[in-house]
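These features come from Swiss-Prot:
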| type | residues | note |
| --- | --- | --- |
| BINDING | 568, 572, 670, 674 | Zn(2+) binding site |
């Protein structure tokens with residue numbers, strides 16, 4: 001077998017399909033762009049949905065890619081099996097309505113078996129097909145020449161995730177030999193496609209030819225597609241003859257580096273240790289790429305997944321004897337392994353290391369955080385007069401802080417509480433069910449819109465240079481059908497040329513009107529989006545008859561566009577100013593450009609201080625007042641990068657790109673509309689800055705007239721406050737507010753003193769009744785206070801004054817009874833425990849409880865039982 005590196009295999013795959021007329025699509029960011037159904041990009045086809053559901057028509061219907069992907073559905077299996085990974089690469093070739101089975105099947109065989117390419121032994125390959133897919137069966141047998149006994153019909157070979165595109169698929173298996181197997185040769189599962197380790201699936205070709213309708217019916221799609229997927233890690237393990245994916249050049253450098261950081265553990269010596277080595281190597285790849293693509297550790301969403309992976313790796317490091325921070329040291333190794341196709345990892349190495357190191361340091365505090373949450377949970381349960389920690393709370397401790405259920409149960413028992421084990425298991429099962437369903441939910445696709453797909457009109461955008469264009473109306477769509485004319489209602493229009501900007505890149509669509517050549521307004525443009533074939537599709541409210549083929553005048557609202565261009569140019573200035581103040585690690589994470597305000601999301605590890613925010617704002621205004629020219633140039637992507645233009649990692653760029661340059665200060669790739677000069681913006685004012693997720697911040701701002709209005713409104717508000725507070729000038733407001741705060745603090749202090757004095761008077765009355773109970777002095781009383789907090793205060797005073805050996809107090813709040821028991825040290829030594837006593841008397845008030853030997857509490861629902869409970873306490877001690 002050929003000796004090939006993983007980098008060579010990846011490149012050979014792309015080169016093979018490039019020779020077959022495919023465009024090579026660069027690997028997209030792991031963070032989905034404009035796809036709310038996905039947490040992560042989890043397959044090669046996930047980034048191509050817009051082509052397959054017909055929203056966009058690709059320049060070339062033949063596409064190939066090597067797509068980095070993350071799946072965490074089966075995270076508990078990582079390290080325990082030969083092939084489960086959180087991060088992996090999918091090699092894929094795709095046809096959007098072009099070639100089909102007759103080409104896809106022979107090409108797969110050629111790539112795998114040809115000596116020019118991978119050169120696998122054809123005798124070790126088997127395929128599976130859907131029983132009803134006679135075409136695929138025929139092609140494998142007649143065109144490829146595969147023997148019938150190596151074509152296995154499997155009922156599960158039908159790709160269907162609910163509504164949307166679906167179809168039969170064909171899988172290719174490599175026979176690794178019986179020595180790799182985990183079942184006997186005569187086992188019924190010992191066949192390609194069965195549950196065994198001998199036959200390894202290396203390629204899956206999906207023939208997407210049907211559309212699954214909501215009513216369950218399957219109809220043929222207007223355009224049939226090919227969607228293939230081959231895991232790079234699997235294919236490399238076959239080529240490098242590795243026992244599992246982990247013994248390949250994609251993982252072994254990471255495993256070896258981890259072993260070098262362990263005092264005494266080595267890979268291959270102990271099965272349990274090997275699992276930890278594999279988990280660390282796998283998770284190091286996932287977190288490195290995820291952070292590089294803009295994800296940050298957090299307590300929800302993809303940030304939570306990231307945090308869980310880092311902490312899981314750290315815990316496995318501890319099992320290997322690695323107690324210091326180490327995960328961040330694996331980042332450059334990941335970068336070196338993958339640099340031939342993903343050079344950006346090494347370019348961002350310092351930032352990725354910083355994020356992981358920070359998370360490792362933070363994790364040391366996590367167990368303490370977990371303990372604090374557990375204590376708060378226990379206190380809350382007691383305050384509600386309950387005796388059980390619910391399953392959801394126990395699961396949160398496990399899921400967020402890594403607290404094993406056994407540890408939570410142990411702490412609860414010390415406090416006289418129990419844990420809802422059944423509820424915990426229910427939460428665990430629900431999480432696993434969500435994980436199982438995630439793949440099908442995430443991969444859902446919309447159906448193709450044949451009407452829009454069939455619109456082939458060439459449409460030119462003229463809006464960079466003019467706001468009014470005369471153009472021929474080429475297509476009218478109403479009621480999901482092409483029309484020759486339209487007289488009323490809402491319609492969608494395509495013109496041969498238009499000045500209207502279609503929504504893209506965070507910039508909203510233009511608004512305006514359409515006039516006939518007589519000057520009459522015939523429609524109002526309310527929205528503009530791109531049609532599947534790339535034309536601006538105008539959504540309009542029709543006022544007068546419009547006829548296909550007739551010329552009209554399209555006019556963009558100049559006030560609307562004027563506000564948009566100012567705010568869009570401001571986002572470019574803001575982006576560069578943030579980099580100048582916070583550092584080059586800061587990246588744009590999203591934006592919204594409206595005519596009256598702008599929103600800008602960016603990555604940053606910590607909060608932005610008021611001083612930093614003020615500096616950013618000052619820089620932007622300085623550039624506005626410097627009257628810098630705004631120029632644009634079209635060039636190829638490589639030239640743009642050499643010029644130093646900033647590109648967004650979430651964007652995909654074509655061969656020709658537009659560079660927007662603001663003086664010598666800012667240069668970005670951007671297809672939006674902009675001001676001609678920064679002086680057009682007039683003024684820039686940040687209105688808010690906040691965190692919208694771990695490592696992601698959001699700035700909202702206004703420019704020009706909106707900025708003036710914002711500042712003027714603030715002045716009006718200050719004047720109103722000054723009037724209400726009887727202050728002559730607004731500059732004196734801070735001093736007045738400080739005075740009011742000091743006065744309030746003094747009043748609060750006096751109030752607390754009065755409450756304490758009242759509590760002492762109450763305590764004196766409660767503690768007067770000391771009675772003998774056997775050999776012990778007992779205070780047992782209905783304290784008649786507000787609730788459990790007040791009972792605890794009384795118990796604290798009792799402990800300080802050492803009034804008796806045992807204290808039993810009760811009170812009623814509404815229909816709830818609260819009980820507290822406290823025991824002095826000498827009585828505890830003699831065997832009297834607060835937890836035992838509370839368990840005896842709590843049932844008499846219709847409740848239960850528990851606690852420590854020195855203090856316990858309970859709740860109940862039977863106020864009438866208080867006298868019996870107090871009497872029972874005396875009997876218990878007698």
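Every residue gets a Cβ built from N, Cα and C, even glycine.
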Cβ contacts of residue 670 (Zn(2+) binding site) (under 8 Å, same chain, 6 or more positions away): 505, 568, 572, 658, 659, 660
Nonlocal residues around residue 674 (Zn(2+) binding site), in sequence order (Cβ under 8 Å, 6 or more apart): 565, 568, 569, 572, 630, 632, 660
For residue 572 (Zn(2+) binding site), the number of other Cβ atoms found within 10 Å of its own Cβ: 27
Cβ-Cβ neighbours of residue 568 (Zn(2+) binding site) (radius 10 Å): 25
Additional residues around Zn(2+), ordered along the sequence, whose Cβ is within 8 Å of the centroid of 568, 572, 670, 674: 565, 569, 571, 630, 660, 668, 672, 673
Secondary structure at residue 670 (Zn(2+) binding site), reduced by DSSP to three states: coil
